[in-house]
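A.B. asks: What TrEMBL records for this protein is below:
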- 67-525: domain 'Major facilitator superfamily (MFS) profile' (DOMAIN)
- 532-563: region 'Disordered' (REGION)
- 122-141: transmembrane segment (TRANSMEM)
- 148-172: transmembrane segment (TRANSMEM)
- 208-226: transmembrane segment (TRANSMEM)
- 238-257: transmembrane segment (TRANSMEM)
- 338-359: transmembrane segment (TRANSMEM)
- 375-395: transmembrane segment (TRANSMEM)
- 407-427: transmembrane segment (TRANSMEM)
- 463-479: transmembrane segment (TRANSMEM)
- 499-521: transmembrane segment (TRANSMEM)
């Protein structure tokens with residue numbers, strides 16, 4: 001950055017080449033000269049290949065596909081944990097006593113701690129408290145701490161929290177541990193999707209996001225099976241201990257591997273470099289001097305500036321500045337019409353999906369008298385969730401992954417899927433219901449890739465972690481968290497599961513309508529938008545796409561070409 005700033009300045013000043021040499025030597029900045037009299041202009045940065053978008057340096061062990069695979073495994077483990085604690089083998093049941101006085105001991109967490117249904121329900125959603133509180137915090141910290149390191153910190157908290165779940169001794173101890181699980185997950189949820197978006201091939205970005213979010217339904221399903229097997233054979237505590245052991249290598253890698261950099265954030269090393277303003281000050285001092293004491297005065301001034309900077313970084317003023325910056329970023333999100341419309345539709349969508357996951361089996365049992373309602377609804381959700389999520393990502397990439405096309409896909413699939421689900425609950429036959437409901441869920445789940453793609457691309461790069469964090473907070477606070485109790489109140493009032501299910505399903509139509517509005521908004525993909533915190537063109541040119549390793553092509557940086 002300094003190299004591109006100083007030479008033009010020198011060409012319009014009377015400073016000698018000797019003075020510039022002093023500055024360049026002090027900053028370790030190379031300078032190309034022609035016969036020691038003229039400074040060569042900086043060559044323009046080599047353009048990056050248009051079909052590759054990677055922020056991974058070639059010296060990193062990671063490749064984009066390895067990064068995607070690792071993040072998918074971590075996401076899978078997160079949702080395996082959620083499925084495991086809800087499984088019969090881990091969650092268990094309370095002890096029961098017959099009228100004759102014969103009592104049977106309980107099983108799992110509920111049996112060991114003698115939890116009532118309310119306490120058991122609190123336990124299953126306690127992680128949400130930590131997730132909602134910590135997500136905005138981690139997103140804000142990404143501007144001052146390397147995001148890859150933040151993921152390592154979060155995964156370490158997650159690993160320790162799940163380990164402690166296995167050692168918990170009562171309701172309150174395991175509740176606190178579950179909250180910490182949410183804190184650990186918050187960093188990953190906020191930052192993983194931006195990393196994937198940075199490094200996915202341009203023509204497959206939504207497909208890669210679809211693969212990542214496919215781990216949600218598949219993780220839940222695997223968690224049910226895992227919790228049932230481990231809990232039944234070894235005990236519920238071992239389920240948490242094994243989870244902690246599986247996550248440990250990923251937590252360690254966040255600290256010991258070379259950290260990756262997100263687009264839109266200045267690398268930590270670059271903060272140590274002098275700013276253009278500081279260099280201008282140095283130039284002015286050297287011009288005003290008589291040429292005798294330049295090195296001493298230069299070093300003294302820079303030492304004073306460095307000391308002032310370090311002291312200010314530790315003061316309360318800087319904390320206030322960070323808080324002000326957070327409020328400014330929040331204002332930018334709330335004033336972004338595309339973002340607000342996208343998240344509002346996502347809230348309505350998640351309201352229905354959350355209630356489906358909780359009340360669906362009970363509604364199916366009461367309406368159609370399904371003997372294995374849990375198994376049937378679970379199987380439909382798993383298959384449709386995996387296929388639908390993948391299909392949505394690949395279809396948007398095939399359509400050309402623009403924000404307008406994303407809204408078209410969101411509104412169309414949600415509307416048609418809502419129509420199939422609504423028609424399914426009108427059927428009197430169970431087989432007709434299962435056929436239509438399966439098609440409806442397949443279409444509805446196709447939204448996962450596109451809706452998160454819009455969250456990432458409608459804001460400038462430096463706002464993406466906060467965008468994902470606030471989207472997660474909003475869809476839970478206003479979506480699936482209140483939907484289950486509200487549907488329960490509705491059912492208690494009308495006492496008709498078919499009518500309740502139809503009213504719930506009809507909320508998908510407003511969700512489709514909200515996303516339909518997004519088609520007509522002025523939407524701009526801000527993935528390459530420059531901002532104050534974004535990496536400069538010179539810095540970006542030195543970050544070579546790692547996918548080039550397959551072809552052997554490399555692009556040298558401008559600085560390396562000079563020497």
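Even glycines carry a Cβ here, placed using N, Cα and C.
Please treat TrEMBL annotations as automatic predictions, because they have not gone through curation.
I'd like to know what surrounds each of these features in this structure.
C.D. replies: Nonlocal intrachain contacts for the transmembrane segment (148-172), taken as residues 6+ away from its ends with a CB within less than 8 angstroms of a stretch CB, comprise 74, 78, 81, 113, 115, 119, 123, 134, 138, 141-142, 178, 180-181, 183-188, 191-192, 195, 237-241, 243-244, 247-248, 250-255, 259-261.
Long-range contacts of the transmembrane segment (208-226) within its own chain (CB-CB distance under 8 A, at least 6 residues past either end) are made by residues 68, 71-72, 75-87, 192-193, 196-197, 200-201, 239, 378, 381-382, 385-386, 389-394, 445, 448-449, 452-453, 456.
Long-range contacts of the transmembrane segment (338-359) within the same chain, counting only residues at least 6 positions beyond its ends with a Cβ under 8 Å from a Cβ of the stretch, are 381, 403, 407, 410, 414, 444, 447, 451, 454-455, 458-459, 467, 470-471, 474-476, 478-484, 486-488, 491, 500, 504-505, 507-508, 510-512, 514-515, 517-518, 521, 523.
When Cβ-Cβ distances below 8 Å are used as the criterion, the transmembrane segment (499-521) is approached by residues 337-338, 341-342, 344-346, 348-349, 351-352, 355-356, 359, 363, 367, 403-404, 407-408, 410-412, 414-415, 417-418, 421-422, 425-426, 444, 454, 483, 487, 490-491 of the same chain, each at least six residues removed from its ends.
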A.B. asks: Taking the transmembrane segment (375-395) as reference, which of 122-141, 238-257, 407-427, 463-479 has the most Cβ pairs under 8 angstroms?
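C.D. replies: Ranking 122-141, 238-257, 407-427, 463-479 by Cβ pairs under 8 Å to the transmembrane segment (375-395) puts 407-427 first.
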A.B. asks: Which range out of 122-141, 238-257, 407-427 gives the transmembrane segment (463-479) the most CB pairs under 8 Å?
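C.D. replies: It is 122-141 that shares the most Cβ pairs under 8 Å with the transmembrane segment (463-479).
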A.B. asks: Below 8 angstroms Cβ to Cβ, which residues of this chain, lying six or more residues outside the transmembrane segment (122-141), approach it?
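C.D. replies: Hits for the transmembrane segment (122-141): 82, 85-86, 91, 109, 115, 150, 154, 171, 174-175, 178-187, 189-191, 322, 325-326, 329, 465-466, 468-470, 472-473, 476-477, 481.
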